[in-house]
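What follows is a set of notes on a single structure, which appears directly below.
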């Protein structure tokens, strides 16, 4: 029995170390340099500057549909390794950002103008909702299904979101479920409906 004690302690230490490593890797991985660039010999301040948001300053008309303007590592490569990204969300009257998730980051939303109905669902299937007014902030926890809805039939809304990842990722539930060629029968059984209903939903997203 005594010979088993060191083995159990060793196993416990290994398991504890594994947990710690998993926690450390929960966000973007740490980098071993100040920043990541394709060629560090040819870098100046322009690499760290993103001008894609200038269109908002010069925008004369509000978009007719819900619009997201992103600054992630895809659009702004200097964010690679910095564990941060940004988005400006524009909601015309009565528009919706459909239920979706960000698998790699939480989202902190700041409502600049207008009003929004927001919500997310946790892993116990509990729904948390809130009515936001300009100046309010709301956090959508990492990986949880959430949405934003501008219920005002007359006025638009604008929000700014920050993410704790250079590439938070977006998984849209409607598109993921009904626009990726999952078999109609599988979806019909999953939603306890018939194939014709599933086909109608797919047609609406085509």
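All residue numbers here begin at 1 and follow the chain in the order shown.
Glycine is no exception: its Cβ is also placed from the backbone N, Cα and C atoms.
Taken straight from TrEMBL:
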SIGNAL    1-26  signal peptide
DOMAIN    66-199  domain 'Cupin type-1'
BINDING   97, 102, 107  oxalate binding site
BINDING   100, 102, 107, 146  Mn(2+) binding site
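Counting Cβ atoms from all protein chains shown, residue 102 (oxalate binding site) has 23 others lying within 10 Å of its own Cβ. In sequence order, 145, 146, 147, 170, 171, 172, 173 constitute the residues six or more apart from residue 100 (Mn(2+) binding site) in its chain with CB-CB distances below 8 Å. Secondary structure of the domain 'Cupin type-1' (66-199) per DSSP (helix as H, G, I; strand as E, B; remaining residues coil): 21 helix, 57 strand, 56 coil. Around residue 146 (Mn(2+) binding site), a 10 Å sphere centred on its CB holds 21 further CB atoms from the protein chains shown.
Considering other CB atoms within 10 Å as the measure, the emptiest surroundings among the binding-site residues 97, 107 are those of 97.
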